[in-house]
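*Asks:* Under the heading domain 'RNase H type-1', Swiss-Prot lists 1-143, citing sequence analysis as support. Residues or ranges marked as Mg(2+) 2 binding site by Swiss-Prot on the basis of sequence analysis: Asp9, Asp135. Feature annotation from Swiss-Prot assigns Mg(2+) 1 binding site to Asp9, Glu48, Asp71; the stated evidence is sequence analysis.
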Amino acid sequence: MEEYVIYTDGACLGNPGPGGWAAVIIQRGTNEKIISGREADSTNNKMELLAVIKALESFEQKGKRVTVYTDSTYVYKGITAWIESWMKNKWRNSSGGAVKNKEMWVRLHGIAAAHTVRWLWVKAHNGDHYNEIVDRVARKEAASFTNCEPE
């Protein structure tokens, strides 16, 4: 089984505001590919989710062994701890409110189920090479709406 490592990040200038996402997909021992995109009106959490979704959807075949690194506690806890309860509780959170970004969570859950995924959280802005790359690309995507460079 082919093994991949994915680093993802999302950024938003304002919340809501212009957003960008990025992922680097590393096939062990062979190559790296960076994918990215933007939305004119989004939130940081949507961009974080979209980065992971787009990275996993980029595989043409199911059944990949993937390690996903995210610096988003929202994504990490959502997919590893909260989603099963949300589904069991008809997409209600622990406070009884509707889960935000439900459609994106459903999409992520479905695509992740097609692969063997290990989820890992990485501290942001802590010198991790690939995390820094996706952070820079995501911020650049978000900034492209304002014709300014991110800080």
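Yeah, the Cβs are placed from backbone N, Cα and C, and that goes for glycine too.
So that I understand the layout, could you describe where these features sit and how close they are to other parts?
*Replies:* In the predicted model, residues of the domain 'RNase H type-1' (1-143) average a pLDDT of 95.
For Asp135 (Mg(2+) 2 binding site), the count of additional Cβ atoms within 10 Å of its Cβ stands at 20 [all protein chains shown].
Cβ contacts within 10 Å of Asp9 (Mg(2+) 2 binding site), excluding its own Cβ and spanning all protein chains shown: 32.
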*Asks:* Could you measure between Glu48 (Mg(2+) 1 binding site) and Asp9 (Mg(2+) 2 binding site) for me? Cα positions, answer in whole angstrom.
*Replies:* 5
*Asks:* Sorry to bug you, but what's the C-alpha spacing from Asp71 (Mg(2+) 1 binding site) to Asp135 (Mg(2+) 2 binding site), rounded to the closest Å?
*Replies:* 10
*Asks:* Taking each of the binding-site residues Glu48, Asp71 in turn and counting other Cβ atoms within 10 Å of its Cβ, which one has the fewest?
*Replies:* Asp71
*Asks:* Where Asp71 (Mg(2+) 1 binding site) and Asp9 (Mg(2+) 2 binding site) are concerned, what is their Cα separation in Å, rounded?
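*Replies:* Rounded to a whole number, the Cα-Cα distance is 7 Å.
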